[in-house]
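A.B. asks: According to TrEMBL, the active site, nucleophile annotation covers Cys386. Under the heading active site, TrEMBL lists His521, Glu523. If you look up TrEMBL, you'll see Asp78, Glu146 marked as Mg(2+) binding site. For Gly359, Leu387, Gly388, Leu389, Gln390, Glu410, Arg476, the entry in TrEMBL reads L-glutamine binding site. Taken from TrEMBL, the feature domain 'CTP synthase N-terminal' covers 10-270. If you look up TrEMBL, you'll see 308-540 marked as domain 'Glutamine amidotransferase'. For 1-272, the entry in TrEMBL reads region 'Amidoligase domain'.
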Amino acid sequence: MSRCSGKSARFVFVTGGVVSSVGKGIFSASLGALLKARGLRVLLRKLDPYINVDSGTIRPGQHGEVFVTNDGAETDLDLGHYERFSGIDTNRDSVITTGRVYMNVISKERRGDYLGQTIQVIPHITDEIKEHIAKGSDDVDVVICEIGGTVGDIEGLPFLEAIRQIRNEVGEDRCLFIHLAWIVYLENLKELKTKPAQHSVKELQRAGIQPDILVCRGDMPLTRDIKEKLSLFCNVSPDDVIEGKNASNIYEIPLTYHAVGLDSRVCGHFGNCSSDADLGEWENIANNIRESMDNVTIGVVGKYSGMDSYRSVFEALSHSGIFKKRKVLVEFFDGEKFDSDNTAAEMLSSVDAILVPGGFGKRAVDGKLRAIKFARENKVPFLGICLGLQLAVIEALRNISGVSDANSSEFDESCKNLAVARIEEWMSDDKMKKCMERLNMGGTMRLGAFSCAIKEGSLANRAYNSCLISERHRHRYEVNNNYRKKLEEAGVVFSGLSVDGELVEIIEREDHPWFLAVQFHPEFKSRPFAAHPLFISFVDAACEFCACKVGAKNYAEVLNCVRTR
Ligand code: GLN
């Protein structure tokens, strides 16, 4: 292992071809997990060719969720995979986009840093990319760097050029190119077709990059013939043509790549400088997945369809399932479909717990409020996240306290009862200044990790088994403290507050077996080998609820069972 350390980090560059979403993110994350299991210090990094400066403004329906790092960067969902698989926290340097690269270069140009030079893609843009890739690499053994997009995209060219140059600079033995290509299967012929993969390798070669390892993604096993054909046409040794078959659970993927020799090929290339892989943690995960028999169903009420929009939430639920050896099924409900209390009740009657995740904008809010009402009244376990907490507050004020126009200024700025609003809309000036300073709020969003003090004896306290926690935030609006008293009268318990006591972080209900909502995003910190305590407790409550449903003749009996358990 020692030969890998020191100032000479190795670089692994991961590209993808044939189709987008070929699995580069999970592949890079799995490779990170495997190299870490071999005792290497790993840094995972992504280069994203799109022009947005970060992912904060991209619609989740189009690009998947916005993943938030501890230091408050709004990033691509692949960073979530990196953290979950490698257990290593990412930060704002873990990703760079074309937009950010150009922004940096243009600011340097405006500052006069280039002393009268003409600024060009090569060398200025490529130098900026290379500088970013090398950042922090002195302290690690291997940098795994994923290039977003698909080989052949116009936007990706400067990134390919930059990594080509790095290979020249650091030498072959410190740099490895891995290309993932989808191997097409033609159902009518029952045959695998390698031509698109060959073309994607050609495209890479046109940019001056010869892959060292070719990972063949697909649903079908790779035959020896196919491997040899790809080896011949793509100029890769047959042993470096590696199968990357789909797995039924993504947390089985590190083991499947290990089984086909991925980490030993990578380490072999770098001079076998690591110890053997200790994969005990991943084997435990695989065993638990195999032993999970019984289902429990969580209803997620949101507005964006598509799994990726709430990816970390789904993963966090799955981690609790792995921990509890329980198959956690997620049923997604579009809040817009809940056009009356009855529809919501009917549609949600099959689930064992309800989760309202984060969100922005007005669409589907009424339906989410109906789902919360249903969970509260029927004692169905409920977890609200970020917008989910804000709506739980509004629901309580409207339906228990009779403040029928309670709202958030996000949805109705002119409303009289702004129970949820920007702090400048309800906090006194001097307090607000201090608060903004403490929250380090440059823009309008509260972003990144903040501490939260938890009330002793509360449900949150029991779940976390701690009185002080830190969680990641991404929101503009906060619960208006002027409504705290009314909310307490309506049965709301403020079980988590910012350390200065000024901001509401966690609420729960005293009249409900498991009703909890948080202003932060706990899902970002859950790991397959360390499920998040709130999610574990929530899934526990869902399992209890599910057990009560067995044998109950009607809803009243379920409720009675939940109450008496
Ligand atoms: N839209 C809400 C806010 O900005 C909630 C954000 C979220 O759920 N992440 O405060």
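Including glycine, each Cβ sits where the backbone N, Cα and C put it.
If you look at the structure here, what lies around each of the features I listed?
C.D. replies: Counting Cβ atoms from all protein chains shown, Cys386 (active site, nucleophile) has 23 others lying within 10 Å of its own Cβ.
DSSP classifies His521 (active site) as coil under the three-state reduction.
Glu523 (active site) counts 30 other C-beta atoms within 10 Å of its own C-beta, drawing on all protein chains shown.
There are 28 other CB atoms within 10 A of the CB of Glu146 (Mg(2+) binding site), with all protein chains counted.
For Leu387 (L-glutamine binding site), the same-chain residues 6+ apart in sequence whose C-beta sits under 8 angstroms from its C-beta are Val356, Pro357, Gly358, Gly359, Phe360, Lys368, His475. Under DSSP, Leu387 (L-glutamine binding site) is assigned to a helix (H, G or I) in the three-state scheme.
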A.B. asks: Can you give me the Cα-Cα distance between Glu523 (active site) and Cys386 (active site, nucleophile) in Å, rounded to a whole number?
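C.D. replies: Each residue's Cα considered, Glu523 (active site) and Cys386 (active site, nucleophile) end up 11 Å apart.
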A.B. asks: Do any of Asp78, Cys386, Leu389, Gln390, Arg476 (recorded positions) have a CA within 10 A of His521 (active site), and if so which?
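C.D. replies: Matched recorded positions: Cys386, sequence order.
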A.B. asks: For the recorded positions Asp78, Glu146, Leu389, Arg476, His521, Glu523, which residues place their CB under 6 A from an atom of ligand 1?
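C.D. replies: Checked recorded positions vs ligand 1; flagged Arg476.
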A.B. asks: Using the Cβ center of Gly359, Leu387, Gly388, Leu389, Gln390, Glu410, Arg476 as the L-glutamine site position, which other residues in that chain lie within 8 Å, going by their Cβ?
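C.D. replies: Result: Gly358, Phe360, Cys386, Leu391, Ser408, Val420, His475, Tyr477.
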A.B. asks: Fewest other C-beta atoms within 10 angstroms of its own C-beta: which of the binding-site residues Asp78, Glu410 fits that?
C.D. replies: Glu410
A.B. asks: Just the number: how many Å between the Cα atoms of Cys386 (active site, nucleophile) and Arg476 (L-glutamine binding site)?
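C.D. replies: About 10 Å separates the two Cα atoms.
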A.B. asks: Count the other Cβ atoms sitting within 10 Å of the Cβ of Gly388 (L-glutamine binding site), across every protein chain shown.
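C.D. replies: Other Cβ atoms within 10 Å of Gly388 (L-glutamine binding site): 25.
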A.B. asks: Reduced to three states, what secondary structure does DSSP give Glu146 (Mg(2+) binding site)?
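C.D. replies: Going by the DSSP assignment, Glu146 (Mg(2+) binding site) falls within a strand, counted as strand.
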